[in-house]
Amino acid sequence: MPVTHFATPDPYAYHNGFCCHHESEALQGALPLAQNSPQKPPYGLYAEKLSGTAFTAPRKENQQSWMYRILPSAVHRAWEPVPTQEYDATSLSGADVQQIPNQLRWDPFDFDDAVDWLGGLHLVAEAGDPVMKTGLAIYVFAAGQSMKANEAFYSADGDMLVVLQHGVLDLTTEFGRIALRANEIAVIPRGIRYRVDMPNGSARGYICELYQGHYQLPELGPIGSNGLANVRDFQVPRAFYEEDFNTWTLVSKFNKVLYRTSQDHTPFDVVAWHGTYYPYKYDLGRFNTIGSISYDHPDPSIFTVLTGPSYQEGTAIADFVIFPPRWLVQEDTFRPPWYHRNTMSEFMGLIAGDYDAKAGGPGGFRPAGASLHNIMSGHGPDAVTHRAATCTDLKPQKVGSGSMAFMFESCLMVGVTAWGLQHCQKVQPKYNEESWEPLVSHFDKSNVGAGAANQNGH
Ligand SMILES: [Fe+2]
C-alpha cells in the first residue's frame with residue numbers, strides 16, 4: 001500500500017493567489033533554503049525543474065517551478081503509442097476538421113459513464129498546431145469512471161482549462177490535489193502530470209486547450225486594481241506526495257497522439273515545490289461582474305476571467321469569458337447582446353440555467369449544450385428574445401439567476417471535427433432557421449420616431 005502524506009490534515013488544502021510565486025512543503029524542511037539545487041537536497045530528494053516558458057522569457061511572463069521529489073520524472077521505460085484499437089484514433093487528431101461559416105448549436109452532450117477521463121475526451125473544434133505551439137483545441141468530456149489504478153496523464157500539447165458542467169472531479173497532480181466542484185474551473189498547464197478520479201460517477205464539461213502561451217488574468221485598465229477575477233480567489237494546491245513503488249502507467253498526449261509508458265514509482269512523489277508554474281482552480285461564483293450603469297452595455301470582454309494572449313497585444317488565442325448572474329439597469333437600451341459579426345470565433349457553453357440572449361428549453365441553448373459562431377458569421381438574440389427586449393418596460397432587472405454561460409473566444413478560425421458535426425448527433429439542424437428567420441422588418445420610412453417597440457404594438 002502506498003503511504004500518503006499531506007501538508008496539512010486537509011488533503012485538499014490550497015494556497016491563495018495567482019500570477020505569483022508559491023512555495024509548499026508536505027514535510028517540514030523539504031524545501032531547500034536560499035538555493036534551488038543543493039548538492040544534497042533535504043531528505044535525499046531529487047531536485048527537478050519544470051519550465052513553463054523559455055528560460056529567458058521576460059520576468060513578467062516567466063513561469064518555472066522547482067520540485068523536490070523521491071525520484072526524477074525521467075525514471076521510466078520507453079514511450080510507445082497506445083494501440084489505436086484502445087481509443088478512437090481520429091477523435092483527438094483534428095485531422096478531420098472543417099472550417100464552415102454555418103452557425104452551429106448542439107443539444108446537450110450525452111453522459112458516458114462507461115469511460116474514464118481519457119476515454120471521455122472528444123475534440124469538437126480546433127485551430128492551429130501543437131507542433132508550432134499555435135492555436136487551441138476545444139473538447140467536451142463526459143465520463144463516469146476514475147482513471148485506471150496507478151495511471152496518470154499529461155498533455156505536452158497545451159494548457160487545459162477544464163470547465164465542469166456536471167458532477168465532481170478529484171484531481172491529483174504533481175503539485176497537490178484539487179477538488180473540482182460545481183461552478184469551478186481548473187487549469188492544468190502543459191506537462192504537469194495528473195490523474196482524474198470521479199468519486200460521484202457521472203461528470204461532464206468542456207475544455208479549452210491552449211497550444212500557445214499560458215492563461216493569464218486580463219489587464220484591468222481604467223477598472224483599477226480590483227474587479228473581474230481577483231488574484232486572491234485562485235486556489236493553488238499545496239504539496240502532497242505518496243511513497244509508492246508499484247508499477248504506474250503514464251499516458252502522454254503528444255501532438256494529439258496518445259503514448260504510454262510504465263515506471264516503478266508514482267509520479268505523485270513531489271514532497272516540496274516552489275515556483276510560478278502550477279495548476280490552479282477558480283470558483284466562478286467569486287467573479288466580480290462589472291457592467292453599464294447608464295446606457296448601452298460594454299463589449300463582452302468585460303466578462304473575461306482568463307485570457308490566452310497571442311503575440312498581438314489585445315488579441316487572444318483564447319479568452320475565457322463568463323456570463324454570470326447580474327443586474328441590468330441601462331436606460332433606453334436594447335439590453336441583450338447586440339446583433340453582430342465578429343473577427344473572432346465564439347464557442348459558447350452553458351453550465352446551468354438559462355442564458356439571457358437565447359431561449360432555453362427543448363431545441364434551445366441548454367446546459368451541457370454548445371454553440372459556435374465562427375469568424376464573421378452573423379448572430380445575436382433569437383426572435384423571441386428580441387421581441388421581449390424591445391417590448392419590455394426597462395426596470396432594473398436581475399438576469400441569469402442560477403445560470404452560468406461561458407465563451408471560448410479566439411482570434412482564429414476554428415474547424416469542427418467529424419465528431420462534432422456528425423458522430424455526436426447533437427447538432428440542431430434548424431438552429432439558424434428557427435433563431436433568426438422569424439425576425440421581420442420594422443422599417444417605416446414615414447415615421448422617424450418609430451422604434452421597434454412601437455411597431456410591435458406596444
Ligand atoms: Fe457573439
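A Cβ is built for glycine as well, from the same backbone N, Cα and C atoms used for every other residue.
Bear in mind that TrEMBL entries carry predicted annotations, made automatically and left uncurated.
Marked as active site, proton acceptor by TrEMBL: H297. Annotation source TrEMBL lists Fe cation binding site at H340, H379. Residues or ranges marked as homogentisate binding site by TrEMBL: E346, Y355, H379. What TrEMBL records for 14-284 is domain 'Homogentisate 1,2-dioxygenase N-terminal'. Summarising the annotation, TrEMBL assigns domain 'Homogentisate 1,2-dioxygenase C-terminal' to 286-443.
In the three-state DSSP scheme, the residue listed as 'active site, proton acceptor' is classed as coil. Listed in sequence order, the recorded positions among H297, E346, Y355 whose CB lies under 6 angstroms from an atom of ligand 1 come out as E346.
Taking the Cα atom of each, H379 (Fe cation binding site) and E346 (homogentisate binding site) are about 10 angstrom apart. Taking only the Cα positions, the spacing between Y355 (homogentisate binding site) and H297 (active site, proton acceptor) is 16 angstrom. When the Cα atoms are compared, E346 (homogentisate binding site) and H340 (Fe cation binding site) turn out to be 12 Å apart. Cα-Cα distance from H340 (Fe cation binding site) to the residue listed as 'active site, proton acceptor': 14 Å (rounded to the nearest whole number).
The Cβ of H297 (active site, proton acceptor) lies under 8 Å from the Cβ of G291, L328, Q330, T333, R335, each of which sits 6+ residues away along the same chain.
In the three-state DSSP scheme, E346 (homogentisate binding site) falls into the strand class.
Looking only at the binding-site residues H340, H379, the densest Cβ neighbourhood within 10 Å occurs at H379. In this structure, the binding-site residues E346, Y355 were compared by how many other Cβ atoms lie within 10 Å of their Cβ, and the smallest count belongs to E346.
For the homogentisate site, whose binding residues are given in the record as E346, Y355, H379, the maximum C-alpha distance rounds to 15 Å. This prediction places the mean pLDDT of the domain 'Homogentisate 1,2-dioxygenase C-terminal' (286-443) at 94.
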